[in-house]
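A.B. asks: According to Swiss-Prot, the protein carries these features:
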REGION    518-551  region 'Disordered'
COMPBIAS  530-540  compositional bias 'Basic and acidic residues'
ACT_SITE  His740  active site, charge relay system
REGION    754-851  region 'PDZ-like'
BINDING   Gly914  substrate binding site
ACT_SITE  Ser961  active site, nucleophile
SITE      Asp962  site 'Transition state stabilizer'
ACT_SITE  Glu1019  active site, charge relay system
Amino acid sequence: MGVTQPAAPAYLRFPHPHGELVAFTAEDDVWLAPLDGGRAWRVSADNVPVNHPRISPDGTKVAWTSTRDGAPEVHVAPVEGGPAKRLTHWGSIRTQVRGWTADGRVLALSTYGQASLRRSWARALPLDGGPATTLPYGPVGDVAQGPHTVLLSAPMGREAAWWKRYRGGTAGKLWIDREDDGEFVRLHDGLDGNIEYPFWVGDRIAFLSDHEGTGALYSSLADGSDLRRHTPVDGFYARHAATDGSRVVYASAGELWTLDDLDGAEPRRLDIRLGGARVDLQSYPVNAARWFGSASPDHTARGSAVAVRGGVHWVTHRSGPARALAATPGVRNRLPRTFRVDGEEWVVWVTDAEGDDALEFAPATGLAPGATARRLAAGQLGRVLHLAVAPDGSRVAVASHDGRVLLVERESGEVREVDRSEDGDASGLVFSPDSSWLAWSHPGPEPLRQLKLANTTDLSVSEATPLRFKDYSPAFTLDGKHLAFLSTRSFDPVYDEHVFDLAFVEGARPYLITLAATTPSPFGPQRHGRPFETPDREETPDSEGTPTTRIDIEGLADRIVPFPVEAARYSRLRAAKDGVLWLRHPLTGVLGASRANPEDPDPNTELERYDLAQQRVEHLGGDADHFEVSGDGKRVLLWTDGRLKVVPSDRRASGDEDSDTNITVDLGRVRQTVEPAAEWRQMFDETGRIMRDHYWRADMNGVDWDGVLDRYRPVLDRVATHDDLVDLLWEVHGELGTSHAYVTPRGGHGSGARQGLLGADLSRHEDGAWRIDRVLPSETSDPDARSPLAAPGVAVRAGDAIVAVAGQAVDPVTGPGPLLVGTAGKPVELTVSPSGGGEVRHAVVVPLADEEPLRYHAWVADRRAYVHEKSGGRLGYLHVPDMQAPGWAQIHRDLRVEVAREGLVVDVRENRGGHTSQLVVEKLARRIVGWDLPRGMRPTSYPQDAPRGPVVAVANEFSGSDGDIVNAAIKALGIGPVVGVRTWGGVIGIDSRYRLVDGTLITQPKYAFWLEGYGWGVENHGVDPDVEVPQRPQDHAAGRDPQLDEAIALALAALEETPAKTPPSLP
């Protein structure tokens, strides 16, 4: 399975053989080719990501999953050619074709109609687009039909090659129904590997597994005996294996390989050649406004250096041309900064032209033909995170990913280390007006930060503020007398509305340090009193010369004074002429549930100015995303609402577009062209460097990372679409065998016309009518969980039939789904025939784009009612869906009522992780030590909301990340037993700070996690339950919940032994 050079390189995936043909995907389309190799032809022509094409048993049709319309849906087309037909209108982000049934229906997996994205049920789809039949297996990852039915357990959602050597709770497991009676038992339960893609070849069950360290094809008899390996384990992973019942085809590193049989045949590579234009490899211009990265204005704001999709350009603000300063394909240039030397404007930026980051310098007027920008410090800077240039242009300050603060001398190129931190990276680099001092925000133990000062000549470093608070965003005032900054040192708590708690929700405020001991505070009384209004700033000339900054280090911390403004949420403080600017952010909830309407945009961020002379706050603009100040402090370069504007720094811009006080910079003059192949090579290499610099172990946990990159780099020549690249990067990340190594594309595939969903279960009845079987109830405390058919005035009930949508009759075969395409979030008229007969009604509803929140709340209500019924009302029930804001909200919806019962079942199954587990555990670990008995009222426990009796947790393989941690913490703290199965096993965390040049998010497992009782052992293993209770396919099919049943039994048994705490009687 080593890489060889094909006649026409292409990145081939998801093969399926049938007879003399093989179907596969390449270039974001489905193709067919002769199984013995040769020229391929397209089946689809949508140029969107597709997967898992499967040829029908009779060889006449091919079905696949397409994202043409946004969410993945099932499509089918004739093998001989012709238009494709869309079979599903499910709107689920987890839908996938997996094959065909023996009777000619398409076999697909989907979470449609489920309460969780982890529950992908198998369905059989008729080719006429009629209702699918749900197969009685429960959540599965694959179905192999043959002599017996074999199921693959539902995975977390990623392939084995994307997390190689994974051994956690969701590692693929095989179940077989040997007696064909619906009773499944484990197959190969002793195989320590991650199993996927099972299928029958004759009387042998074949599958992929990596139990020998590399994904390979294996097979055995139905009883698990005679296990054989059919492909080597010294190369790339074998992926996407499929069969026509005799031959097997699989993918590996973008190539297709075949085995003629499982009786000793050797794998051989298929020589498949593609034709066509390969449009995704053609160069194209980009829209500069859409791909705007950052900008830096010159001294007087006549022009700016602008970063656009890896290039740096100079743009004049009012008319005039734009010119490229750095736009070489396959090189990423970023963080441009302007400076002035001898009256001439210059630009410096970060480049990866030589691989590791370096600085490049060029005049704003551009380089002479054939000249190149001056490059300094290549390989000495690490990953550059922040950049600042001294006002005199003599040096550049750099904050590196490894905590270093560096100074790079422009003339000599010397790199000097100023300081370094073991607690993260520095930020807010800023020079004094005379270039003699550098200030920055220096990290301490999270979340603390302090300000530091360095003399740029002798590099002596002093503390400007003590390490007590979070001090950030420093800026020297333009007269050099003060250092302004932001700090979260306002302690004015607010009482929680739902529970007894206090929070500091607006703790930041701007502060100022007088640098010389003899400089008075600008906010105090002035010897000569306050001046009247200053003259028009436009008419005020720059002061003579550059002001000198004198700093008396002794007593600096005692000279900190707050600006006379209220505490709020502030960011990005900058100095301007006669004042300072900052962004003030509105206080909003994380979920947006407190908005007047869920669809409303976030409140605006305000750009504010504090006038140091007049001692007042001025509002310069709203909806500010980002800003920079010109060198003379008179103008602001503002990025707002997708536009780059130039406005005054001392007053609100006029409403007159393109006036002197409201200039919109025309970015359409920027000419930046993307050459995809070159850009993808740069992205591949940058991904490798960022992982090298941030992975939780410097030795890459024993993986030869350079060797990995070298091995996969030739595969890059096959890549023809962005989806190919994403898959390749996933596989490269997967070589580390570590959780949280993600690759997430920016998105944008499909038409954007999202499927409308009605929040109800519908089915086709014998009379041909599509009737409502159940209307899901709304959860009034969650705006995302509104039920369209339960809205006031709709009055649609179970049994009613939907006969028309928007005036178009519902097809008795396909139902209302096709008529609801593109209706999500829009008013739609339904024509409804009541179940008891009578006149049809017309109701206006607003369909949903996502039913999961609605179905989730209904599932929780069902589980809670079940626990109450089984325990006679003695046990409470809480489900925690994640360790983020949604999960925190969900806990508190029913905390008071459920915790007040005698015992508590805490269900953390399918917990998606996050970072709030310590808050959850803090709630669960409370113990009652007293009671408050007010007259005429019920007693309350002390502390409040503490469990009265036993707590039992329920976990499954989909409890992951912080969902792993919460279970380990529950065990370590002795809160109660954990029931279920081993959890996901991924606890090396990430911060999601890096995006590639095209917006693709890449993550680096950086934050290793140690847990009492497990040490480092939760990663790639999971947390073992105290009481193991698997949920078998037959349990799902029968609607049984043995894990919850066991938790209830344990809690009731504990109550028998130790009754719940109750309030005492009054003396």
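Every residue gets a Cβ built from N, Cα and C, even glycine.
Keep in mind that this is a model prediction, so the values were computed, not measured.
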A.B. asks: Name the residue among the recorded positions Asp962, Glu1019 whose Cβ has the smallest number of other Cβ atoms within 10 Å.
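C.D. replies: Sparsest of the recorded positions Asp962, Glu1019 by Cβ contacts within 10 Å: Glu1019.
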A.B. asks: What kind of secondary structure is His740 (active site, charge relay system) part of, going by DSSP in three states?
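C.D. replies: Going by the DSSP assignment, His740 (active site, charge relay system) belongs to neither helix nor strand, so it counts as coil.
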A.B. asks: Just checking, which of His740, Ser961 (active-site residues) has the fewest C-beta atoms within 10 Å of its C-beta?
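C.D. replies: Each of the active-site residues His740, Ser961 was scored; lowest Cβ tally within 10 Å is His740.
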A.B. asks: With DSSP as the yardstick, break the region 'PDZ-like' (754-851) down into helix, strand and coil residue counts.
C.D. replies: 10 helix, 35 strand, 53 coil
A.B. asks: Would you list, in sequence order, the recorded positions among His740, Asp962, Glu1019 whose CA lies within 10 Å of the CA of the residue listed as 'substrate binding site'?
C.D. replies: Asp962
A.B. asks: If one measures from the C-alpha of His740 (active site, charge relay system) to the C-alpha of Asp962 (site 'Transition state stabilizer'), what distance in angstrom results, rounded to a whole number?
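C.D. replies: A Cα-Cα distance of 12 Å.
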A.B. asks: According to DSSP, collapsed to three classes, what secondary structure does Gly914 (substrate binding site) have?
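C.D. replies: Going by the DSSP assignment, Gly914 (substrate binding site) falls within a strand, counted as strand.
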A.B. asks: Give me the CA-CA distance between Ser961 (active site, nucleophile) and Glu1019 (active site, charge relay system), in Å, as a whole number.
C.D. replies: 9
A.B. asks: Let me check the 10 A CB neighbour count of Gly914 (substrate binding site). How many other CB atoms are there?
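C.D. replies: There are 21 such Cβ atoms around Gly914 (substrate binding site).
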